[in-house]
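Below is one structure, written out as structure tokens; the observations come after it.
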Amino acid sequence: MHEDQSPNTQPLPDNHLAHLQAAFPWANWKNTILLTIAIFLIRLLYLLLLSPYELAGDEAQYWDWSRHLSLSYFTKGPGVAWTIFASTKLLGSYTWTVKLPALIAFAIIMLTAARLTTLIANNDQRPGFFAAALVALCPPFFAAGQFMTIDEPFFACWIIASFFTLKAFKKQQQNQSPFLLYQLAAFIIGLGFLYKYTILLLIPGLILFALIHHKPLQTFKPKNLLPLIPATIILLITISPVFIWNAQHDWITVKHLVGHLGVEGGDRVIEQAPSFFTVQKLILNPLEMIGTQVGAFGIPLVILTFISYRLIKKQRNENPNLWLDACFLLYAALPVILFYLAVAFVKKVQPNWPVAGYLTLLPLIALPAVPQLLDYTKRLKDWKANNKPGKKPSNPWQANFHFAIGWGSVAAFIIMSAPYLSYIYPNLSGMRRVTGLKQDAAQIQKQIELTTQQTGQAPIIITDNYQKTARLAFYLPGQPTIFSAQHYYGERPTDYDRFADTNLLNPSLHNRTAILIGLTPEKWRKEFSFANIKDSAIPTSSSTYRLMIGSNFQGPTSPPKLNTFTNQQLNPQSQPIRH
């Protein structure tokens, strides 16, 4: 990627697709909006009427966070909890209302990808239409729209911030003030930080682009530098809730992030010092990361990225600003991808971690869509008209675009239909995380009612895992308070150990009967004091939801192995326990 050598005062060129204006008139902004609305409504109707998906563990946890509003949380910023709170406050606490913001974010990503591509194409709306379609065909973004986690809102913030920043750079090229656009970009990056801290990896790419291409962007002109001062202030103010909260809570989020690396000082018990020079870390983890990313993004989209890059690079002399904008898209994408490739040499990288980098690759792919598809249609028309022998004509871009349509459509079908397999195979691996909990919740509710009838008091409910705790809290009638004991068994702590109404150190829980879910009586007795523990006569689906009753609960027998919340002061009266 070389710097554009055009003079600083050069105006932006006319539409580089002007000679193809008659092609694909239907690929306009109006139809982009209609496509987005159609996909949104189909997915919303699916969610309301057909979806077998229950809340996944993390979704349910974020929903439970929304019942404990805070400036931040142990592992994540407050954005996801605040968003779910707004949705459920307005529409009620149902599965679809928790998931709805993810669908809205998915639609925002489609529209913003279209606007970003249209901006690069000098207001030609046709590449923008194809960019929106590519978002819908890209499996990780489609899948993230099915789950209200931190990812889809974070993706939306990433691409919106990219759009505002590129628009600011274009203002600079035209000798206009970028002031407002920089403030908007800073605010959106800050907002994205409240969802997922990874958005900070967008900033190095933007800075590097502005420095390397400083001549055409007029980066060092005072009128272009000064707006960065208030923009930085806006960014710091927007992300401040996370830092204020952490300063009040012994910087426990930092401990969590350190714990991800598996070293001392984090939120996990380290039995022995990790070795960084292993075949797993030096070879297998990086190869797995590359393989999962190619599979997630989709083989045809990976190929299209390289094809589009080469097609645009060939035009760099005749369309220098198009090349410059393509470089921007790459600079925005590469830091997060390369960062997690480096992380793969330390620990296993989860498939969703680098995905934000693909957001600006989709506009890059879409930019050559019009000439490439027009070339294909002309060749196909000529082939049919002249009844030529041999294979149907194609070109590499068009062939892989059609491949991407098939790949993305199959992926979308699998994402929306896979949970139905749980009706045939109830214990299908992976499906239990998003289906089947309602049946176990019904059985557990029977035990709750029986215990309440026998003791005259509602029991406390304790599980061995935070995701199980969160899902039961959502799906049990009345959405009661549920406790998680995982911290006492050597697992990392969660916010359930911090919230006053879910902290097992709360003395007001003593002498109560407890319903225990998961583990065995022996393991429960090892970490907690009960007069007696016995199995329930009410069956559940598996040993994962083994149901036991513990009488005369007296709290933990000892503090957790790693007490991350050393500075937390329990106030049992601060929040009532829901029954």
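Using N, Cα and C of the backbone, Cβ positions are placed for all residues, glycine too.
Note that this is a predicted model, so its numbers are computed, not measured.
Annotated in TrEMBL:
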type	residues	note
TRANSMEM	33-53	transmembrane segment
DOMAIN	76-245	domain 'Glycosyltransferase RgtA/B/C/D-like'
TRANSMEM	100-121	transmembrane segment
TRANSMEM	128-147	transmembrane segment
TRANSMEM	181-212	transmembrane segment
TRANSMEM	224-245	transmembrane segment
TRANSMEM	290-311	transmembrane segment
TRANSMEM	323-343	transmembrane segment
TRANSMEM	355-374	transmembrane segment
TRANSMEM	401-423	transmembrane segment
REGION	549-579	region 'Disordered'
Check your understanding: Between 290-311, 323-343, 355-374, who has the most Cβ pairs under 8 Å to the transmembrane segment (401-423)?
Key -> 290-311
Revision key, fill the gap. Across the domain 'Glycosyltransferase RgtA/B/C/D-like' (76-245) the predicted model averages a pLDDT of 98
Check your understanding: Is the transmembrane segment (290-311) packed against any residues at least 6 beyond its ends, judged by a Cβ distance under 8 Å, and which are they?
Key -> 134, 137-140, 326, 330, 337, 341, 349, 351-352, 354-355, 358, 361-362, 364-368, 372, 396-397, 400-401, 403-404, 407-408, 411
